Amino acid sequence: MSTVISLPRVSGEYRKNFKLSQLTWFKVGGISQVFYKPKDEEDLSCFLKNLQSNIQITVLGAGSNLLIRDNGIDGVTIKLGRSFNEINFVKNNHYNIISVGAGTLNYDVAKFCLQHNLGGLEFLVGIPGTIGGGIAMNAGAYGQEFKDVVYSVEALDRSGNKHIFLSKDLNFEYRQCIVNGFLIFTKTNLICYNDSKTSISQKLQKIQTVRKLTQPINQKTAGSAFRNTNNYKAWQLIDKVGLRGHSIGGAQVSNLHCNFLINNGNATASDIENLGELIRKKVFDHTGITLEWEIKIVGKKSL
């Protein structure tokens, strides 16, 4: 049974029993007991300071690497609003640095860099999602990861207190950063360098072309379903056990790239999760290798 929540007074927006499927790329999932979009960092800090300490908090980015279960999410689900989408230049004696709000889309950062002749962040165009989400999972593609470009990060803890971390403090590892306690990333400083528009544009076009040819980007998917292992790409293991194109309900393993699970239009979150768990079982039974989910799964399990 869901806990009754006493909500602090905020300047942002609350919605109760909010349908979350509209916010995820899979287009599945249940409702949030409470949905909160803070007006700005001060509003978010005040909310955290005054929220009951026993209330669960879930933070959403762009919903691009996320599976929300059909039974939804208890507590408060937070999505950062427009005030967390700013991009600005930062003065630094050693690097070219831009300050980016955690709610900013990776694609928009790549576009900003093209407009201002800044190289080094082209890989972001190939990673759907927000900057905050990318930091949290150390997202990467095309030979780079967030750990390679993050200079520092600002965050709020569960009590609404502000912290600043240097990149080394985040303990970046493959597809994760390891920090103590609950944090909501609010802003980051990213390192880039001067480059020509022609060079940057060519790199962006190459990445976008490769994505279109190798990934089901026009379908309802959440990106790579599983982390690669030390010795094998996840797709190789899935292909090896014969699950390319396999379906459960409305969920299917992509024929184009079998580390992508897709919603064919009528899938439930349970269909997608069950398909993923079948993949994990088959791969383990045949190879002894345990695939780890790269997609973040949140929400209440069905009884």
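Glycine is no exception: its Cβ is also placed from the backbone N, Cα and C atoms.
Pulled from TrEMBL, these are the features on record:
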- Arg175: active site (ACT_SITE)
- Ser224: active site, proton donor (ACT_SITE)
- Glu294: active site (ACT_SITE)
- 27-207: domain 'FAD-binding PCMH-type' (DOMAIN)
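Mean predicted confidence for the domain 'FAD-binding PCMH-type' (27-207): the pLDDT average there is 96. Note on Glu294 (active site): other Cβ atoms within 10 Å of its Cβ, all shown chains, come to 20. In the three-state DSSP classification, Glu294 (active site) falls within coil.
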